[in-house]
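Asks: The structure under discussion is supplied below as structure tokens; questions concerning it will follow.
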Amino acid sequence: MVRRAPGASLALLLWVTAVSCSPAGPGAATARRQDEAFSTARLTSRCLSLQITRISAFFKHFQDNGSLAWCQNYKQCSKCLEPCKESWDLKRNHCQSFCEPLFPKKNYECLTSCEFLKYILSVKQGDCPAPEKASGFAAACFESCEADSECSGVKKCCSNGCGHTCQVPKNLYKGVPLKPRKELKFIELQSGDLEVKWSSKFNISIEPVIYVVQRRWNQGIHPSEDDATNWQTVAQTTDERVQLSDIRASRWYQFRVAAVNVHGTRGFTAPSKHFRSSKDPSAPPAPSNIRIANISANNDGTVNVMITWDLPEEPDIPVHHYKVFWSWTYSKYVIPAKKKRRKITDGPQNYVVLEGLQPNSNYNVELQAVTRWGQIRLKSAKVSLHFSTTQDNRNNNEQTSVEKPPKGVVDPYPTFQRRKPTRFLKIGTPFYQDNQLQVKIYWKKSGINMNQFQVHSLLESCTHNDTKGLEKVTELTYENYMILKDLSFSCKYKVTVLPAKSKSRFKAESIFFVTPPCSTFKEKTHKHINCAAEEVPVLPKVLAKPENLSASFIVQEGNITGHFSWKISKAVLHQPMTGFQVTWAEVTTESRQNSLPNSIISQSQILPADHYVLTVPNLRPSMLYRLEVQVLTTGGEGPATIKLFRTPDLPPFLPHRPHLKHHPHRYKPPPEKY
């Protein structure tokens, strides 16, 4: 779990979710997870880059973790981030199927972002070399690959003029940020959290840089890379530090960091030195959900009872063994300890069979977990279970803890016979209605007996001074949703939903959200909304617009390079100009069923204010391209100037040599990413 770093006003870390679920071996699965972490970071960088002028209006430096928080709560930017939030097999499903249920009306940002993510998941960094440059095995005339994923390492599936082979790309790291410095600094805070810090080398990237942080660990007296877990992504952040709260004593941790932007990455730093917490490990948690799994009768009239429980998820030290005590009881008065019987089970085992119990009798069972830390034994609190071997009462078993009051009726079925409930707590897009800011929160019901819910909303903080004293509101509902009303602008809220019946075994679920600034609604709805409480002023409108868009093309060695230029009139510049945002896309001729325009994913680049020319290599021949240029100023972006250009045909190529393997379609190298 990641907590807010001290001193950061708006800290947010984006957790990575899996985007593909194709089966593979352990090594391939690890490589796939790494590629997906990089891909989602590239997508995040792209989304922040597209909103860079709006971000700069709120933050002095867009390379700030607050920009991620802003992006998640700004409507257009949050739509752009949506594909990397959800677990979705983008390789097998259409982006339209993903985005339209989330945004039925305006889903352009989600769709283009989804298409971009699909593209970078399938196409590796770098450009294919010219076909005539292939040599050795790479020049063999047969189809040895169809996609980049079939090639090892950084190699790409490229044409050699008579086939496709895996080749080392050119321009592998063009526009890609440098690796962070390999020295990582660890600070163990009094709270037990661990702060990991790093520093970056000179950054050649104008786009926002996302840092992907991974860790692995081993358990034992000494650090060991051979016994360590696989690398796992713990966070993505634009800051040069991360604060982790789930650090366990007795574990040896290693970390590594990669710098990623929209163009790609140079990979991770070397593994850090090992870190182990200085605090002593905690005793194991008390066993949970102890219950009867089975009762069976023996030929001699005695009864065997199987007791089962849930294993702890992640104790500081793995459980070495469990102690099980049981005795006959009368009216829940326990027999003296010297008459108790005892068994010991191994730590990985979550059941025990009590043999030879008397029928029609009451029994009490106590269970305790034990771990070993050197020569010290750490013991959990005991939990107890009262049950009867009477046939009619076998489902009426009560579980209690020695240190806690009874918890009610125990589920008589083992874990593998029950389906654990899952609920999804989600926040809709805030809206302004009836002169007040509102938001809809909804969830999935998990049981037929869960008819009424308590909804607690807590105002935690605001960017302006009007915090209203951290107010808390509690409401009841019979529905699986609730609309929270009379919210404040630019404020952070915590919402907790739980069943109204206190005896339910389902735990409460919480979610945080930040309301947008007042100016967002005032600009869109033109309603009379009082925004005096907000400190962020409404930016003046930018009128500057690029003029005389023109294009020239150079054909060399089978590649088409486009040079796009424009002019700007200084007379209409009322704010200092910071640069240009240039977006281009390949336009198709087929019609589409969704709301996307007839183009593939758009690609963008931010240019400095003194650059009036953009060079784009690897354009496709005889293809229509859409060019869009906007002026960026300190007051925001100006209107876009749009023009269509068609690339020239390629000259006749070398005679086609025979294939050893035929495919109905040819692989076409995609345009270079910017």
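Placed from the backbone N, Cα and C atoms, the Cβ positions cover glycine too.
Worth saying up front: this structure is predicted, and the values here are computed from it rather than measured.
Heads up, here are the entries from Swiss-Prot:
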COMPBIAS  388-402  compositional bias 'Polar residues'
DOMAIN    121-170  domain 'WAP'
DOMAIN    180-281  domain 'Fibronectin type-III 1'
DOMAIN    286-392  domain 'Fibronectin type-III 2'
DOMAIN    418-515  domain 'Fibronectin type-III 3'
DOMAIN    545-652  domain 'Fibronectin type-III 4'
CARBOHYD  Asn65  N-linked glycosylation site
CARBOHYD  Asn203  N-linked glycosylation site
CARBOHYD  Asn294  N-linked glycosylation site
CARBOHYD  Asn465  N-linked glycosylation site
CARBOHYD  Asn548  N-linked glycosylation site
CARBOHYD  Asn559  N-linked glycosylation site
REGION    388-413  region 'Disordered'
REGION    655-674  region 'Disordered'
SIGNAL    1-21  signal peptide
Asks: So among the glycosylation sites Asn548, Asn559, who's got the most Cβ atoms within 10 Å?
Replies: Asn559
Asks: Report, as a single number, how many Cβ atoms besides its own are within 10 Å of the Cβ of Asn294 (N-linked glycosylation site).
Replies: 15
Asks: Mean pLDDT for the domain 'WAP' (121-170), as a whole number?
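Replies: Its mean pLDDT is 91.
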Asks: Could you give me the DSSP helix, strand and coil counts for the domain 'Fibronectin type-III 2' (286-392)?
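Replies: Each residue of the domain 'Fibronectin type-III 2' (286-392) counted once, the result is 5 helix, 65 strand, 37 coil.
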Asks: Could you state the whole-number distance in Å separating the C-alpha atoms of Asn559 (N-linked glycosylation site) and Asn548 (N-linked glycosylation site)?
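Replies: Approximately 26 Å lies between the Cα of Asn559 (N-linked glycosylation site) and that of Asn548 (N-linked glycosylation site).
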Asks: In terms of DSSP three-state secondary structure, what is the assignment for Asn548 (N-linked glycosylation site)?
Replies: strand
Asks: Count up the helix, strand and coil residues in the domain 'WAP' (121-170) according to DSSP, in that order.
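Replies: Counting residues by DSSP class gives 12 helix, 11 strand, 27 coil.
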Asks: From the Cα of Asn294 (N-linked glycosylation site) across to the Cα of Asn548 (N-linked glycosylation site), what is the distance in angstrom?
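Replies: On Cα coordinates alone, these residues lie 82 Å apart.
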Asks: By DSSP, how many residues in the domain 'Fibronectin type-III 1' (180-281) are helix, how many strand, and how many coil?
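Replies: Summed over the domain 'Fibronectin type-III 1' (180-281), the classes give 0 helix, 47 strand, 55 coil.
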